[in-house]
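Colleague: Questions regarding the structure given below will be posed in turn.
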Amino acid sequence: MCPRSKTSHHIVALTCLLILIMVPITAGADNNSVAARLAPEALLLGAARAGEDLIVVGERGHLLRSTDLGKSWQQIIVPTQATLTAITFIDPQHGWAVGHDLTILKTTDGGQNWHLVHQDIDEQPPLLSVFFLDINRGFALGAYGTFLETDDGGRTWEQRWISEDDFHLNAIAAVGDHLFIAAEAGIVYRSDDQGETFIELTPDYSGSFFGILPLKDTSLLLFGLRGHLFRSDNLGENWRQLPTDTEAGLTTGLQLKDGTSLIAGLSGTLLVSKDHGQSYSVRQDPDRKGFSKLLETADGGVLAVGDFGVTLLPQSLLR
Amino acid sequence: MKRDRITNLLEGLIFGNRPLLLGFFLIMTILMGISLSQLRIDAGFAKLLPLEHEYMQTYIEHGQEFGGANRVMIALMAKEGDIFTADFFETLEQATDDVFFIPGVDRSQVSSLFTPNVRYTEVVEDGIAGGNVVPADFTPTAEGLERVRENILKAGIVGRLVANDFSGAMISAELLEIDPGSGERLDFIHASALLEEKIRETYQSDRIDVHIIGFAKVVGDIADGAQRVVLFFLIAFIITTVLVFLYTRSVILTLIPLACSLTAVIWQLGMLPVLGYGIDPMGLLVPFLIFAIGVSHAVQMITANTAEVRAGAQRIDAAKASFRQLLLPGFVALASDTIGFITIRLIEIQVIQEMAVTASLGVAAIILTNLVLLPILLSYVRTGNRYHRRVNQQVQVLKPVWRFFEQAAEPRPARIIIGVALVLFAFGAWKGADVKIGDMHRGVPELRTDSRYNMDSDVITTHFSIGVDLLSVIVETEADGCIDYDIMSAVDRFAWHMNNVPGVQSVVGLPGIAKTIYSGWNEGSLKWRVLPRNQSSMVQAVGYVPTSSRLLNSDCSVMPIMIFTEDHKAETIDRIVAEVKSYRNQHPYENISFRLATGNVGVMAATNEEVSAAQFPILLYVFGAVILLCYIQFRSIRAVLCIVLPLGLVSLLAYALMSLLEIGLKVSTLPVVALGVGVGVDYGIYIFSRLRSNLSKGMPLQQAYLHTLAVTGNGVVFTGATLAIGVATWIFSPLKFQADMGILLTFMFLVNMLGAILLLPALACLLLPKNKPEQPQP
């Protein structure tokens, strides 16, 4: 046996020991995520910034942190192996990650340590998106109308229903003082009172919406299945469909500091607009990656996560 | 002495019934010749497997169901541009049709863009839609091709059936080892020839390149190479003949040893059909080796005979005398060879075991042809004065040479030789310890790296996301295991763990596919690419996967995890196998077992372990047998040391050579090491036997050795050099394993010869009791 694997045996032994010690304290510690060499190349779904640091999450409880603007990644072991779908930070210290099995993780030290604050594995729907208004109040939403809210920074969560339907709630975003939720079956919800109540909006489409991109001028873009892209300039009262020239599902959007807006999706689809989201042209990533989330780094780079793992998009693709 | 009585008895029997015996040999040879005409080349897949090995038990249990090892992949590559031309699609369609009708092809398993089992699915508003990638109404127009291009993308077959850069397309087919219709075993060589003729020759054009890989093709290419091997044997044979003639200076004395040796080869090959064997490409070296050993012994007999004739004996008396001198050492030497051959039976691989049996039969035949037939023939030979003059001339020419070598038996040079030997011994032990088990290079190990097959394989692996090196771990669990979340997720964690092992290129298994399908049912969303805990969702995800995908069996209790490896170097295989073993030890499940292994790398893993397990026992038995036989003959530990120590040194150096030349210890090279000992011991026994007989006449060692060199040494040097030149031609063989064998055998023949004429006398000088130089004759 080579020395490297001897070391790894020691690490395994040490980990086992730690787990044994920690079992009484942390429930389900034997479900800790496992360090994996290829974690940065495996399915990653969510990304967020904690100050200048970058944190991405994905399958098997993989959570990776970069302190060099996305050039290198260190895996952080978290107390779950559930697939994590989304992550948010309200300030450089406080962040939450959500995922399958109604899993919610919380950090208070900029993502270096994570605690399991919520989980329920009995055939429960996945959480798909998370949003915090401030350090205490936040929402985690997911499939079949799942809507969890907290008033104590995520220590406790309450389930409630925002509509009589139980459509998947795919994404949540703030446009000015308003909250928008992109849902299944062509539904969009809007809250004008910080999430106390939601009203239903219906753009003219029956397929699913996967994401919302608020633009700087309080316009917003709504996108989803089979290349469908809508724009509203009046908080969703009226919608206008924009041609996209793609049939791929659109999953995530991002407006850069310079005003360029990007919408990305499956099969390597990337839409780029230089006219403040009035029109988009298609760029095809040659590797046909499936994008799940785009994020602008502190130095203006574009970080992408998806079925390929995590990567910085080449500038050539964005021009 | 008892031994003399037996020799006398045999001498009487043999020389008293010469015509009768000649008749017997003639009839036997004719019969064997008739039998020989039935001999066919026989290459099967199962024969190459170490069937008793744990991994191969898995292979036998599940091989039929999950197959995969017998796949043939045909890539059509557009020389310019991409595949989206009418011409390319027409060619691909015709080629696909032709593949269907190649005998042995499992028609349900053929896939290409044009087969109905290749479908695409896409997520639409109300669920999933799908269809054939090339629709039934396909026309090769711009629109039609554009539609196919879209379907290809939707079907996710880029990298598998279509090149990553769209420069080519693949036809994949599975061959059945047993034809279900006729029940006959598949003739791989024939199938390979058909692929060449019906596919490559038909469709290769100035616009399209055809590349074919797969086990059948490997076997076919080896068989093609093997035909050229026959040419190499012919060259070796001619070289040997010329050299024997230069040595004997007589046509008749050239023909007799060659005829005797060929008789042994005919008998050996003739025995194969009788035993129900064919000749395997791997076993082709055996007849040549038999021939070589035959010539080597025959030359000893001729040399002894000539020496007697020169001393003034009548031809029949000369034949009898040489028979008496050589019967015992010849028999012991050949018995050692036989044992050397038999020990390689320890490798539980059928092709090796057949080789062991046929080679020992061949050596047994040599005992008859060279120790019985040859002296009889010699007793009829009348040699004229001109021959004697030529021989005398030769003796005079060689005298200074033998005087030079004789110094090896003098104390001071002897010490130098032994000193050098000790250094070599240390070097051999140091480098030899580095020898690697298995294969060290890219591509199919039997063929050269630049062979067409390995080039084809390179093209295909570069343009497609297809690994050619596959190790499948068979996961066995309870019925319907694949719809149980806990089981599937345990298998998934295993697959992911293996994916992270260095040397693993990719891992494909049912859990991974099920996740993708489940995501597909959820509008293709990546956030749903998980194994569903809900059983009905799991059923939906897994139900989409047909058993023909080879990812699960019919009751879903067995799922192979296909681990594609970056290469098949022994260290890569070892690392992956060790990781599988440690994972299953650390994660024991009551209802899940992870069984090694199928796939070509699984076979290599098993073979490597088999070779590694057999190598020391083989050497142990070979040396044990040699030591025992030498002791029985010479009744002296010192004698045994004189003979065996050089052999040990040569074996060690052979290992060092393999390590230096990056030749792995594998099925084709391990026997060579064992056989090398067998060949080497012949030299030692002949030399020592005559040396001792000279010593017992009261000669001092140096003089005794000089006399030995002039007769026996002459033969040893000659045969060592001749056989080395003969096998050296193999180095140019198109077959990698034959080239490797050629290098090793050349080395063995030469260095064993040097060991016998230099190290043996040096050891004798130090170890044997001294005769006084001026001892008066009693």
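From the backbone N, Cα and C atoms, a Cβ is placed for every residue, glycine too.
What you see is a predicted model, and the numbers here were worked out from it, not measured in a lab.
Below are the features I grabbed from TrEMBL:
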type	residues	note
DOMAIN	B:221-380	domain 'SSD'
TRANSMEM	B:20-39	transmembrane segment
TRANSMEM	B:229-248	transmembrane segment
TRANSMEM	B:255-279	transmembrane segment
TRANSMEM	B:285-305	transmembrane segment
TRANSMEM	B:326-347	transmembrane segment
TRANSMEM	B:359-381	transmembrane segment
TRANSMEM	B:413-430	transmembrane segment
TRANSMEM	B:614-632	transmembrane segment
TRANSMEM	B:639-658	transmembrane segment
TRANSMEM	B:670-688	transmembrane segment
TRANSMEM	B:709-732	transmembrane segment
TRANSMEM	B:744-768	transmembrane segment
Colleague: Among B:20-39, B:326-347, B:359-381, B:413-430, B:670-688, which stretch has the highest count of C-beta pairs below 8 Å with the transmembrane segment (B:744-768)?
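Modeller: That would be B:670-688.
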Colleague: Please check if the transmembrane segment (B:614-632) comes into contact with the transmembrane segment (B:20-39), where contact means 3 or more CB pairs closer than 8 Å and the residues in each pair are separated by 6 or more positions.
Modeller: no
Colleague: How about the transmembrane segment (B:20-39) with the transmembrane segment (B:709-732) - do they touch, taking at least 3 C-beta pairs under 8 Å (6 or more apart in sequence) as contact?
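Modeller: No, the transmembrane segment (B:20-39) does not contact the transmembrane segment (B:709-732).
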Colleague: Apart from its near flanks, which chain residues at least 6 from the ends of the transmembrane segment (B:326-347) lie with a Cβ under 8 angstroms of it?
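Modeller: Sequence-remote neighbours of the transmembrane segment (B:326-347) are 3, 7, 10-11, 50, 293, 297, 300-301, 304, 353, 355-357, 359-360, 363-364, 366-367, 370-371, 610-611, 614, 617-618, 621-622, 625-626, 629-630, 632-633, 667, 670-671, 674-675, 677-679, 681-682, 685-686, 689-690.
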Colleague: So which residues does the transmembrane segment (B:359-381) touch in its own chain, when a touch means Cβ under 8 Å and the partner is 6 or more beyond its ends?
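Modeller: Contacts with the transmembrane segment (B:359-381): 14-15, 18, 21-22, 25, 252-253, 256-257, 259-261, 263-265, 267-268, 271, 286-287, 289-290, 293-294, 297-298, 301-302, 305, 315-316, 318-320, 322-323, 326-327, 330-331, 334, 337-338, 341-342, 675.
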Colleague: Are the transmembrane segment (B:285-305) and the transmembrane segment (B:639-658) close enough to be called in contact, which here means at least 3 C-beta pairs under 8 A that are separated by 6 or more residues?
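Modeller: Contact between the transmembrane segment (B:285-305) and the transmembrane segment (B:639-658): absent.
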Colleague: Under a Cβ pair cut-off of under 8 Å, which of the recorded stretches B:413-430, B:639-658, B:670-688, B:709-732 contacts the transmembrane segment (B:229-248) most often?
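Modeller: Most contacts with the transmembrane segment (B:229-248): B:709-732.
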Colleague: Check the domain 'SSD' (B:221-380) for me and report the mean pLDDT.
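Modeller: 85, rounded to a whole number.
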Colleague: Which sequence-distant residues neighbour the transmembrane segment (B:670-688)? Criterion: at least 6 residues beyond either end, Cβ under 8 Å.
Modeller: 289, 292-293, 296-297, 300, 326, 329-330, 332-334, 336-341, 343-344, 347, 352, 355-356, 359, 611, 614-615, 618-619, 622-623, 626, 630, 633-634, 639, 642-644, 646-647, 650-651, 654-655, 708, 712-713, 715-716, 720, 723, 741, 744-745, 748-749, 752-753, 755-757, 760-761, 764
